[in-house]
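Encoded as structure tokens, the structure appears first; notes follow it.
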Amino acid sequence: DRAVAIVDPPRGGLHADVLRALRRAGGIERLVYVSCNVESLVDNAVELCTPDAAGAGASAPRAFKPVRAVAHDLFPHTRHCETVMLFERDADAPMDAAAIDAAMGDEEADAKRKAASAEQAEA
């Protein structure tokens, strides 16, 4: 079964045990990471995306890959910004991009994708 995990860690990022658990959990195909600190997000992304990182072990499922990131300015006129990043584990698995765009509120991208699909269907 396909599972999506959502994490919203503190400023310091995910604990090493959580990173290890996410990497070992083969049922998790997608990971939504909500971050208030881009530096810890980058550090955690390296661990999530590097094969056998975070002590996941040789038999661990494939590493994640970053698919999309969206910045949200929840605190106008400050230097703080929330970032939502989508990771996907299996490069060969088809991605339901329309569902991801809808979940992230990207109606414009969804409309463009639908228009492109309609053009392909007509061709």
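Here the Cβ of each residue, glycine as well, is placed from N, Cα and C on the backbone.
Contacts of Asp8 (S-adenosyl-L-methionine binding site) defined by a Cβ separation under 8 A and a same-chain sequence distance of 6+ are given as Val34, Ser35, in order along the sequence. The S-adenosyl-L-methionine binding site feature in TrEMBL is assigned to Asp1, Asp8.
If you look up TrEMBL, you'll see Cys36 marked as active site. Residues within less than 8 Å, Cβ to Cβ, of Cys36 (active site) and separated from it by at least 6 positions along the same chain comprise Pro10, Arg11, His80, Glu82.
DSSP assigns Cys36 (active site) to coil in the three-state reduction, placing it in neither a helix nor a strand. What TrEMBL records for Cys36 is active site, nucleophile.
Residues or ranges marked as region 'Disordered' by TrEMBL: 104-123.
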